[in-house]
Amino acid sequence: MLQEAIKKIVLKENLDEKEAYEVMGEIMSGNGTPSLIGGLLIGLRLKGESVEEITGFAKAMRDNAVKLQLDADYVIDTCGTGGDGGKTFNISTAVAIIASAAGVKVAKHGNRAVSSKSGSADVLRELGFNIEAEPMYTKKMIEEKGMGFLFAPLYHRAMKNVLPIRRELGTRTVFNLLGPLTNPAPIKGQVLGVYDRNLTHPIAEVLLKLGIERAMVVHGFDGLDEITTTAPTYVSEVKEGEIFDYVIDPLDFDIPYSKPEDLKGKGPRENAEIIIDILKGQKGPRRDIVVLNTAAALYVGKLVENLKEGVELAERLLNSGLAYERFLEILGYQRRIIS
């Protein structure tokens with residue numbers, strides 16, 4: 001199936017959803033050689049991935065993942081595709097912690113760095129979390145403390161053969177898109193940053209096909225896979241079975257423009273320190289971008305009616321110290337239940 005798929009893709013022909021599902025199934029079964037998988041990934045990158053292809057791949061990965069069943073009505077994820085070249089600190093990881101302090105339940109799905117210096121797993125480990133906690137512990141963390149981390153290799157075990165190929169290619173591939181689309185938890189809301197402006201609407205279409213109730217798929221005018229504060233941001237919102245495309249500007253929320261260099265991160269240790277400083281109330285451009293993205297998480301989490309309310313709530317959580325308290329609670333709870 002892989003060879004046939006590559007032949008189609010080389011001719012710039014799209015796979016349908018069923019074909020894509022079968023191709024991913026073959027990869028996960030371990031039958032795909034590194035050269036075939038690499039050829040498929042590069043071919044898709046050059047052609048451009050279709051909605052049907054991404055949906056089929058995502059459904060196959062979800063069906064073959066270790067499922068995390070939760071006793072919670074509404075759970076969200078906050079993540080980006082990566083591959084934007086922005087080299088920012090781990091914004092969505094900070095957002096997940098703050099959103100949980102507001103009462104939103106967050107199943108943060110992520111991995112170690114592949115095409116960046118610091119993935120969500122890297123920075124969470126530096127913050128003191130056991131990123132390889134068994135699913136039963138992560139389930140308790142989400143249900144009791146509002147946030148847990150789902151380390152992708154623990155849940156997508158069949159993908160272990162793909163990671164070395166991704167690292168060797170050293171460029172973004174369809175797997176940058178699939179990571180955020182294959183959360184093993186039953187999430188219903190999502191803030192998803194993408195590396196290309198032309199992906200916001202197609203990825204919103206995929207989310208609809210995957211059963212997401214409310215989402216914001218975002219891409220900054222500056223290229224970031226976040227809601228940026230250096231410029232406006234493109235948004236494709238999923239709400240009540242429809243997709244709405246619009247642009248938001250940080251100035252609309254009384255957040256000043258920042259400079260790209262103000263948002264840069266470094267390695268996991270430095271990024272962890274940045275997150276701690278923000279949670280402790282430090283002000284500045286880094287806090288501003290976290291606040292705006294937290295507002296989006298609170299909105300897709302159905303805790304606020306709009307982003308303006310979300311910004312106000314995020315500011316209160318940081319100013320009051322509640323966000324930092326929640327971070328310590330989550331960390332302490334994980335250590336207690338695992339020990």
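Glycine too: its Cβ is placed from the backbone N, Cα and C atoms.
Sequence annotations record features per position, and here Swiss-Prot assigns 5-phospho-alpha-D-ribose 1-diphosphate binding site to G80, 83-84, T88, 90-93, 108-116, S120. Annotated anthranilate 1 binding site per Swiss-Prot: G80, N111, in sequence order. The Mg(2+) 1 binding site annotation in Swiss-Prot covers S92, E226. As annotated by Swiss-Prot, anthranilate 2 binding site applies to R166, with the evidence given as sequence analysis. Taken from Swiss-Prot, the feature Mg(2+) 2 binding site applies to D225, E226, supported by sequence analysis.
The secondary structure of S92 (5-phospho-alpha-D-ribose 1-diphosphate binding site), as reduced to three states from DSSP, is helical.
When the binding-site residues T88, S92, N111 are scored by other C-beta atoms within 10 Å, S92 scores highest.
Of the recorded residues, D225 (Mg(2+) 2 binding site) and T88 (5-phospho-alpha-D-ribose 1-diphosphate binding site) place their C-alpha atoms 10 Å from one another. Note: the Cα of H109 (5-phospho-alpha-D-ribose 1-diphosphate binding site) and the Cα of E226 (Mg(2+) 1 binding site) are spaced 16 Å from each other.
Local packing around the Cβ, expressed as the count of other Cβ atoms within 10 angstroms, is greatest for H109 among the binding-site residues H109, R112. In three-state terms derived from DSSP, G80 (5-phospho-alpha-D-ribose 1-diphosphate binding site) belongs to an extended strand segment. Restricting the binding-site residues N111, R166, E226 to those with a CA within 10 Å of the CA of S92 (5-phospho-alpha-D-ribose 1-diphosphate binding site) leaves E226, listed by sequence position.
A distance of 7 Å separates the Cα atom of G80 (5-phospho-alpha-D-ribose 1-diphosphate binding site) from that of E226 (Mg(2+) 1 binding site). When the alpha carbons of R166 (anthranilate 2 binding site) and R112 (5-phospho-alpha-D-ribose 1-diphosphate binding site) are compared, the span between them is 12 angstrom.
H109 (5-phospho-alpha-D-ribose 1-diphosphate binding site) falls within a strand segment according to DSSP. E226 (Mg(2+) 1 binding site) is 10 Å away from T88 (5-phospho-alpha-D-ribose 1-diphosphate binding site) when you measure Cα to Cα. Taking the Cα atom of each, E226 (Mg(2+) 1 binding site) and N111 (anthranilate 1 binding site) are about 17 angstrom apart.
Fewest other C-beta atoms within 10 Å: among the binding-site residues G80, R166, E226, that description fits R166.
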